[in-house]
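Trainee: Got a structure for you, written out below as structure tokens; questions coming shortly.
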Amino acid sequence: MWLPLLLGALLWAVLWLLRDRQSLPASNAFVFITGCDSGFGRLLALQLDQRGFRVLASCLTPSGAEDLQRVASSRLHTTLLDITDPQSVQQAAKWVEMHVKEAGLFGLVNNAGVAGIIGPTPWLTRDDFQRVLNVNTMGPIGVTLALLPLLQQARGRVINITSVLGRLAANGGGYCVSKFGLEAFSDSLRRDVAHFGIRVSIVEPGFFRTPVTNLESLEKTLQACWARLPPATQAHYGGAFLTKYLKMQQRIMNLICDPDLTKVSRCLEHALTARHPRTRYSPGWDAKLLWLPASYLPASLVDAVLTWVLPKPAQAVY
């Protein structure tokens, strides 16, 4: 009885692997990538440039654009883009249209993102959440909507970089909220544009060493957040809480942050070049073995584990 089931599962796995490895012919199609100053965006831009794609890379800063242009081929073009500014997005869309012309846009990679303040929710303000949502959620939505006509023209692909923290909210702050929102947008977009030949993939990296996970930056923002708290709130948590929280954060980041960014860029490249791109990619050992399995566990169990890991406030009653 079990043998036919086992053979059937094995056959399915082999067929899936064969299908997953089918690639499109070599292409010089246009791909637009946001957030190419550093990290995943910069690495992907250079990889695609080497493969012959015509890369249109957007950077937030002039120095980021200049550094990228210096090491890339003449096929790669850069522009400045602030994805939180609707006028900047429209200007970038016109710039892309000027380059692609009748060919259309084959690929859009929404990569730009920020961490914001990672810390206890009661420490934060509405503006703290809004700033992160503007970059990580509303930014990609605005860029995607502005470029949809060009993507439809080429029957192109949208790749949105979210996070495993868009599947499991492991900490407070706007980051998890923003990534959950981008996941939902991507799922609904995928179904809505499939009729027009546009494919949508989500890449959910685990923890990697990028500017978003820079410990010095994360610690500075949380210390500034603590300093602005009312004395009563500081008393609830106690002076030792911040020190314990930062030490815990440092231990976790040093343990699980992967320095190999190519694990992510390879997934992004596959989503652009595979004949049958996956709906979701989860690069990183921690994503596959820790965060995604945990997202399917009962919420009460996940709550218990995370509550045990995080330090307790001085005046905790539970």
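For all residues, glycine too, the Cβ spot is worked out from N, Cα and C.
Sharing the features that Swiss-Prot gives for it:
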- 1-21: transmembrane segment (TRANSMEM)
- 22-288: topological domain 'Lumenal' (TOPO_DOM)
- 32-56: NADP(+) binding site (BINDING)
- Asn160: N-linked glycosylation site (CARBOHYD)
- Ser163: substrate binding site (BINDING)
- Tyr175: active site, proton acceptor (ACT_SITE)
- 289-309: transmembrane segment (TRANSMEM)
- 310-318: topological domain 'Cytoplasmic' (TOPO_DOM)
Trainee: How many whole Å apart are the CA atoms of Ser163 (substrate binding site) and Tyr175 (active site, proton acceptor)?
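Mentor: About 9 Å separates the two Cα atoms.
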Trainee: Cα-Cα, whole number of Å: Leu56 (NADP(+) binding site) versus Asn160 (N-linked glycosylation site)?
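Mentor: That separation, Cα to Cα, works out to 16 Å.
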Trainee: Counting across all protein chains present, how many other Cβ atoms fall within 10 Å of the Cβ of Gly52 (NADP(+) binding site)?
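Mentor: Excluding its own Cβ, Gly52 (NADP(+) binding site) sees 13 Cβ atoms within 10 Å.
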Trainee: Hey, which of the binding-site residues Leu48, Leu56 is the loneliest by Cβ count within 10 Å?
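Mentor: The binding-site residues Leu48, Leu56 were compared, and Leu56 has the fewest Cβ atoms within 10 Å.
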Trainee: Taking only same-chain residues 6+ apart in sequence, whose CB is under 8 Å from that of Cys36 (NADP(+) binding site), what do you get?
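Mentor: Looking at Cβ-Cβ distances below 8 Å from Cys36 (NADP(+) binding site), excluding near sequence neighbours, one finds Arg42, Leu44, Ala45, Ala57, Ser58, Cys59, Gly64, Ala65, Leu68, Thr78, Asn111.
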